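First up is the structure itself, then whatever we jot down about it.
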Amino acid sequence: MDLRPKGSAAVFVLLVLFTFCTFSEAQNLCSVTDRLIFIRENNNLGATVTTLIAEEGVMATITSQNPEGLFSLNGYDLIADTVLDFETFDQNKPHEVNIECTKADSLSTTLNLKIVVEDINDNPPAFAESQYTLNVDELSKVDTSVGLITATDPDKNDRLYYRLDSPEGEFDLEASFNPNILVKKLLDYDKIKIVTMTLYVQDTPIGSTAEVSHTASTTIVANIIDIDNRPPWFQPCTQTEFGTSKVCISSGYEGTVNLNEQAPGPLSLKPSPVIAIDGDLGRNEPIGYAFPGASEDRVFQIDTDTGSITMLKPVEVAGPIVLTVMAYQKENAHQFATTTVILRVVISSTYPPTFVKPSYEGFISKDADLDSLVLESKTSNRPLRVQATDKDFSDGYNPNLRFEVVAGTDFSITPEGFILMAKEVSPGTVNLEMRVVDTTNEESSTASLVVEVTPGGQQVKTGEFSSGDMAAVGASLAVVIVLCLVCIGLMVHRIKGHNADWKKISEASAFRSTLGGGSGGPKEGVQYCNEGFQHDADSGSVNTKLAADLENKLESGLKPQQRRGSAQDKTTPSAVLQTTSSSPPDSSSLASSDTIDGEKEVKPILTKERRNEEGYKAVWFKQDIDPSTKEEVVIIPDTGEADGGCEDDDDIEEEDNLRTDMDSDDEDGLMTEDL
C-alpha cells in the first residue's frame with residue numbers, strides 16, 4: 001500500500017508526529033506497521049484496512065472510532081464495514097480508530113490509527129444548467145469574448161477539458177482547458193439571428209490516447225442582437241450590400257396636383273404613400289417625418305407620425321415641384337434619411353378618357369407564339385384594337401393616353417391599343433379589365449375584355465403576315481404581272497401596226513404617183529380607190545390623220561379632172577378597182593402612158609400567186625383576169641373561208657390592202673397601159 005500522504009499538509013504533520021511517538025514507546029503487546037493508513041474510496045464491504053501485529057494470547061478490541069460504525073476487528077484484521085466515499089470525507093480530519101491490546105499479567109497497549117480515504121475518478125463532470133443563453137451583438141469583432149461556461153467534477157483531483165461544437169464556426173473556445181467562448185466570424189442580424197451550439201466536457205485531455213472515463217455536455221443558444229447601425233429606409237426600396245454594410249435605395253415618390261386648386265386630403269403618390277421603416281429590422285425604432293428647412297410660407301405640410309403630405313394652399317406656379325422629405329428615428333435623430341417627392345402641376349380636365357366601347361371580345365389560338373396579337377374574330381387575321389376618346393379635346397384624340405391591364409399577366413396592351421399574349425394560356429375564356437389613363441392628370445376609366453383562347457388556329461404576330469396574307473399578296477402580284485405583260489404585248493402589237501400603216505402610206509403614195517404624176521396626167525379609163533385603207537379601224541389615230549393629209553396633198557398636185565376622179569374614187573363603198581365604159585384612149589395617150597411607166601419603173605400588179613415575202617403586198621385573185629374586158633372588178637377581203645383559213649386579222653388586212661411591186665419584170669400583174 002502506498003503510505004505517502006496524498007491529502008492536505010495537516011495529514012502529513014500528523015503522520016510525522018505519530019511515527020515519532022511509535023519509536024519512543026516501549027515494547028507493546030500489539031502494533032501496526034503504520035498508524036496512518038490510506039484506503040481508496042469505493043472499497044468493497046469487509047475489505048481489510050490494516051492487520052495488527054500481536055503476541056500470542058493478546059486480545060485486541062476497538063475502544064472508539066470517529067465516525068462510529070465505519071470499521072471493525074476480525075481477529076487482528078481491521079476491516080471496513082461500509083463503502084468509503086472521498087467526496088464525503090473531510091480531508092482535514094481523517095477517520096480515527098482506537099484499539100486496545102490486553103494480555104493476562106501484562107500491561108495493556110493502546111493503538112491510535114488514522115485512516116485517510118483516497119480519491120479515485122468515480123464521478124462525471126457536470127454543468128450547472130442544461131442550457132445556457134448568450135446575447136451577442138451583431139458585427140462584434142472577431143475574438144470578442146461573449147461568455148465563460150464551466151463544469152464541475154466531484155472528483156477533486158480531476159482536471160476538466162472542453163470542446164465547443166458551433167454549426168458554422170461562428171464561435172470557439174479560447175483553449176480546451178479554458179471554456180471562454182469567443183466570436184470567430186462577423187455576424188449580421190439580417191442573415192443569422194440565432195446560433196445553437198453544444199459544449200462538451202471530459203476529465204481526460206482532448207485528443208489523448210487515455211480512455212475517456214466521464215463526459216458531460218450542455219446546450220448554448222447565442223441570440224444575435226440587432227444593433228442600431230442603420231438609418232430609416234424609405235419604402236419600397238432595393239437592398240444593396242457593400243462589404244459588411246447594407247443600404248436600401250429608394251427611387252422616391254411622385255404625384256400630381258392641379259394648378260390653382262387645393263387638394264382636400266392627403267396627396268395620392270406613387271408607388272406608395274411616404275413611409276419609412278427602421279433599417280435595423282430587429283430594433284424597429286419609431287420613425288418621424290419632416291420637411292428639412294421648410295419655410296413659413298409653404299404650400300405643403302407633412303404629418304410627423306404618418307408621413308402624409310397635404311396642401312395648405314393652391315399651387316400657383318406651373319411646372320414640377322420637388323419636395324425633400326426626411327425620415328428620422330424619434331429616439332435617435334442622428335439616424336435619418338432623405339428622399340424626394342416630385343409633384344407635377346397639371347391643369348384639371350372636365351372629362352376622363354373613356355373607351356370607345358364598354359366591352360371588347362377577342363380571339364387567339366392556344367398555339368400562338370408569345371407577343372402574338374389577339375384577333376377580332378376566329379376567321380380573320382385582323383388584330384383587335386381598343387381605342388379611347390377624351391371629350392376635353394375637340395376631335396376626341398388625346399395624345400397622352402396609356403393603356404394597361406388592371407389585373408393579370410396573361411395579356412398586355414401596346415401603346416397603340418393592340419392586345420398581345422404575354423405568356424402561354426390554356427384554352428378557354430379569359431376575362432380581363434383594361435384601363436386607359438391620361439398621363440397628364442392620372443384620370444382614367446375602365447372597360448372589360450373577354451379573350452377566347454381556342455385550341456388551335458391561325459395567329460398574327462406583331463410585324464408579320466400569316467400564310468393566307470402572303471398567298472393573297474402573291475396572287476395579286478401575279479395578276480399585276482400578267483396584266484403588265486398583256487399591256488406590253490398590246491403596245492408592241494400597236495407599234496408594229498403603226499409601222500405597217502406608215503408602209504401603207506408610202507406604198508400608196510408611190511402607187512398614186514405612177515397613176516397621176518408626170519406630164520401625161522392620170523391614166524384615163526381606170527379609177528383606183530382604196531377607201532378601206534382610208535377608213536382604217538383606228539380612224540382617230542395619228543397615223544390615219546397623216547394618211548389623210550398625205551392623200552390630200554397628192555390630190556392637190558393633180559389636174560382638175562384628176563381631182564374629180566379622185567373624189568369619185570372616195571365615194572366608192574369598198575376597196576374597188578373599176579373599169580369604165582368610156583371609149584378606149586388613142587394611141588398617143590397609150591404611148592404617153594408607156595413613157596411615164598417606163599420612167600417610174602413602177603407596175604401595179606394583180607397576181608394570182610400569194611407572195612409572203614417581208615414587205616411585199618399584192619392584190620391577188622384565184623384566177624387570171626383579162627384586163628381588156630371592160631368588167632367591174634371588186635376586191636373581196638380574204639376571210640380565210642375560201643382558202644382554208646388565214647393567219648390572223650393583221651395578215652388579212654395586209655393582204656387586202658393594195659401594194660405596189662417595184663419588180664418591173666412581173667408579167668402576171670395588171671398593166672395600166674394596156675387598158
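Backbone N, Cα and C define each Cβ position, glycine as well.
The compositional bias 'Acidic residues' annotation in TrEMBL covers 640-656, 663-675. Residues annotated as domain 'Cadherin' in TrEMBL: 61-127, 128-234, 256-355, 356-465. What TrEMBL lists as region 'Disordered' is 555-609, 627-675. The signal peptide annotation in TrEMBL covers 1-26.
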Stretch-averaged pLDDT - the domain 'Cadherin' (128-234):
91
What does DSSP give as the helix, strand and coil breakdown of the domain 'Cadherin' (256-355)?
0 helix, 42 strand, 58 coil
Helix, strand and coil totals (DSSP H, G, I; E, B; other) for the domain 'Cadherin' (128-234)
0 helix, 52 strand, 55 coil
